[in-house]
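Annotation source Swiss-Prot lists ATP binding site at Gly328, Pro329, Asn330, Thr331, Gly332, Gly333, Lys334, Thr335, citing sequence analysis. Residues annotated as domain 'Smr' in Swiss-Prot: 702-777.
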Amino acid sequence: MNQKILEQLEFQKVKEQFQPYLQTAQGIQELRLLEPSNHYDKISDYFKEIAEMATIFVENHHFSIGNLRDVSESMRRLELEADLNIQELLDIKKLLLVSGEISRFYQDLENVDLQVLKRIFEKIEVFPQLQGSLQAVNDAAFIENFASPELDRLRRQIAENERYSRQLLQDILKKNADYLSESLIASRNGKSVLPVKNTFRHRVSGVVHDISASGNTVYIEPRALVQVNEEMTQLLADERHEIARILKELSQLLRPHSRALANNAWLLGHLDFVRAKYHYLVNNKATIPKISKDKNIQLLNVRHPLLKNPVANDLHFADDLAVIVITGPNTGGKTIMLKTLGLAQLMGQSGLPILADEGSKIAVFDAIYADIGDEQSIEQSLSTFSSHMTHIVDILEESNSNSLVLFDELGAGTDPQEGASLAMAILEQLRLTNIKTMATTHYPELKAYGIESDYVENASMEFDSQSLKPTYRFMQGVPGRSNAFEIARRLGLAETIVKEAEQMTDTDSDVNRIIEELERQTLSSRRRLDHIREVEQENIKFNRAVKKLYNEFSLAKDKEIEKASQEAQAIVELALTESEEILSKLHEKAELKPHEIIEAKSKLKSLVPQRDLSKNKVLKKAKKLREPRIGDDIIVSAYGQRGTLIGQVKGNKWEAQVGLIKMTLKEDEFQLVKVEAEAQKPKKQSINMVKKANQNGPRARLDLRGKRYEEAMQELDAFIDQALVNNMSQVDIIHGIGTGVIREAVTKYLRRHKHVKSFAYAPQNAGGSGCTIATLG
């Protein structure tokens, strides 16, 4: 498709209307590169994708990809043996997560027949092991302690060093209080320092890091702290080195799969783009047009996509119709109709829904050419006519029988008689070479050309003679007429003058009267057609409502049958129980022989209906949702750490990837993380309580890491209350090591609480001093 037509018809602005519906960087990129195609099968597949996406939304009501950043540069860096940074790993982690979710979404689809989208969904690869490894990077772009034993050890040492350093500073602060400008610990050049009065600078031994602007205060790092700070500097350097090593290891894990991951990003972006097309279709009352294998265009109630309140029009450009000539005065909407046809074709050939009614049809052209507006080139010093004619010459040379040509005000800018003759000659050349053409003109001579020539049709834009305003309604088959006399009358020009003018143009008046009658007939036909369409739309709505009621009735009927079956079974089971009691009593009285009792019991049991639950769709779906599957995110109950299931060992045992560590877990040792459900529910302020495996009674876990003091204490208080209400026997409180402030506050709180029997740090393999286990009672 030639690029000039995309600029002339502002196709870029049309594409921009789809961007708000996109969620992924790859989807936005696909939209940016979108251009019209001239391949019938390709366009057909585009339309089938939208139709299939519609069936997905009908059955599931929601389908979301989620925000995915561009990972193409990260994939290139992997191929160049470069190591990725934390943000890049986080982006890939999100890609892996969404890939797994969409793959599971596809597997769970029911009552949906996909042909084209099936190929997209089934090409998405899932990598549960990689997903589990990247759990080492949390959503805050922070490398978790469990990423490696060495990192965990270093961070424990750093926390201990910070605690010792702070305590040491507090002691020094108290000891040298009389020498200080302020009783506080300051920071200079990343070092903890004391603000010492200049007059006492020699009383405090240490390294001077700064002096205040007034010179009255000297900031000294106490000598006792120098060695501690040097150790801290080394620990922080070791931490950075270990993080770099972990990033390198994670990059090496991803490198062999870089192309597959890039392909996943493209597939998800494409699904996102199809989803955006569907939402545009629904929100703009657009339609998926049929594709004509010949050049038969049929646009029903087509609208211009860039106008705020466009007037809908019908356009029938049959295969045997070569040229449509729109005649009539300016400002009636002729150019808009021309552009509407061009944009409908560009959108359709790009696989986009068009703003028209169902039943519309587009053709497939190799190229679309247009000469629209004043394209005068000042640099070339060309007149308006010369500029247009230069462009028209190019169009005539480049176009062929599989092109669509659009001319606005053909032949304008020169002597009217010569311009009209040129316009007719150009249209005749296009007609003879069977090039589909729509042209606008205000030359009356072209009306006769439209009537006298085969495969040519006149058209015009409706004008309201009462309001003296154009209606912008397209009138196909009716040539345009001048409304000058009628307008003059209504504006108050003397009737004698108007009649004299009419007598001077008797022939034209006769033609105008014929055209006026044609307009009336066309308007009457259009009203009848509009009424028929309204009835059709009502029938469609009625049909949909009936289907909906039928489905609801079927579902209600199934529920009633299920309920009746349950009640019947309960009655029979009750009767069976009572009968067994009677038989047992009779047996005790020896009134029946053992084999007679067995036979009687057998007959009674045969009365109980055996319910086939395998066909119960609700139970099947619920069971499927509850079952763990490869790729599911989990929380390990014993540690509260997040991981991903990468395989089923046997029975109820699963292999999980937690950071860089693999674990074998039973199903009661982890909980599934329902990411989709969490994303869809509105967020509420709640206590971060995660259920644990049942060890010596109910237990729960509260994570206070990263919380401020006041926030942590409020959550702890609410958590203990909730645990007591739920009869929890033990709870785990994760506070981390950090500065020790939260840990000490937790200890004080538990010591004071009358319902806390005892508490202690967790075992070393379950959190150590970073986690406190409290026994309640």
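Each residue, glycine too, has its Cβ placed from N, Cα and C.
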Per-residue pLDDT averaged over the domain 'Smr' (702-777), given as an integer: 80
Which listed residue (Gly328, Thr335) has most other Cβ within 10 Å, given these are binding-site residues: Gly328
Number of helical, extended and coil residues in the domain 'Smr' (702-777), per DSSP: 35 helix, 19 strand, 22 coil
Same-chain residues at least 6 apart in sequence whose Cβ lies under 8 Å from Gly333 (ATP binding site): Val311, Met461, Pro470, Tyr472, Phe474
Which listed residue (Gly332, Lys334) has most other Cβ within 10 Å, given these are binding-site residues: Lys334
